[in-house]
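Listed in TrEMBL:
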ACT_SITE  Cys15  active site, nucleophile
ACT_SITE  Arg21  active site
ACT_SITE  Asp132  active site, proton donor
DOMAIN    9-158  domain 'Phosphotyrosine protein phosphatase I'
Amino acid sequence: MTASDKKPYKILFVCLGNICRSPAAQGVLQSIIDRAGRAGEFLVDSAGTYSGHQGDLPDRRMREAASCRGYALTHRARPVSSLDFLDFDLIIAMDDNNYTDLMHLAPSVESSRKVKRMAGYLTGHSISYIPDPYYMGRDGFELVLDLLENACGNLYRSLLSEEDR
Ligand code: 4NP
């Protein structure tokens, strides 16, 4: 079997609305993967625990802040489903509420082990969750992007170190 025969490793980011944090995380990690020339080896997606924004583009404020850093966010919001636990290898929650909701949705104990906290990949920050920027100003969106760039860099390195998974 050659490297190109391998199935892509699938990562799903999850937040509440799927219009701010998780599509931004998706864009940041995808950019790291693309710049490394490893697009075929990973599949990155995002979803929300709340379905009210289904079909929407990411929040305009997040799209603008991300665009200034070179990320084009084009994801359309969708709700997370229990089927995602069969499809994805790794499911990453932005905060503790998302984590708890995902634990309840997991169809089995084994699949619940796929769920991790995004803050677990942070280095040099003492914050234990990615804050919801929806009711914050521009600074909130910049803080979220700072945290996501830090965490996604570390997440990507951890994915490479598990390469013979
Ligand atoms: P997200 O932010 O979970 O990072 O996408 C939010 C988006 C929408 C809402 C809350 C948080 N909302 O209440 O509609």
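Glycine is no exception: its Cβ is also placed from the backbone N, Cα and C atoms.
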*Identify, in sequence order, the residues in the chain of Asp132 (active site, proton donor) that are 6 or more apart from it along the sequence and have a CB within less than 8 Å of its CB; answer 'none' if there are none.*
Cys15, Leu16, Cys20, Arg21, Met94, Asp95
*Please work out the number of neighbouring Cβ atoms within 10 Å of the Cβ of Cys15 (active site, nucleophile), leaving out its own Cβ.*
31
*State the mean pLDDT for the domain 'Phosphotyrosine protein phosphatase I' (9-158).*
98
*When DSSP states are folded down to helix, strand and coil, where does Asp132 (active site, proton donor) land?*
coil
*Cβ neighbour count (within 10 Å, all chains shown) around Arg21 (active site)*: 34
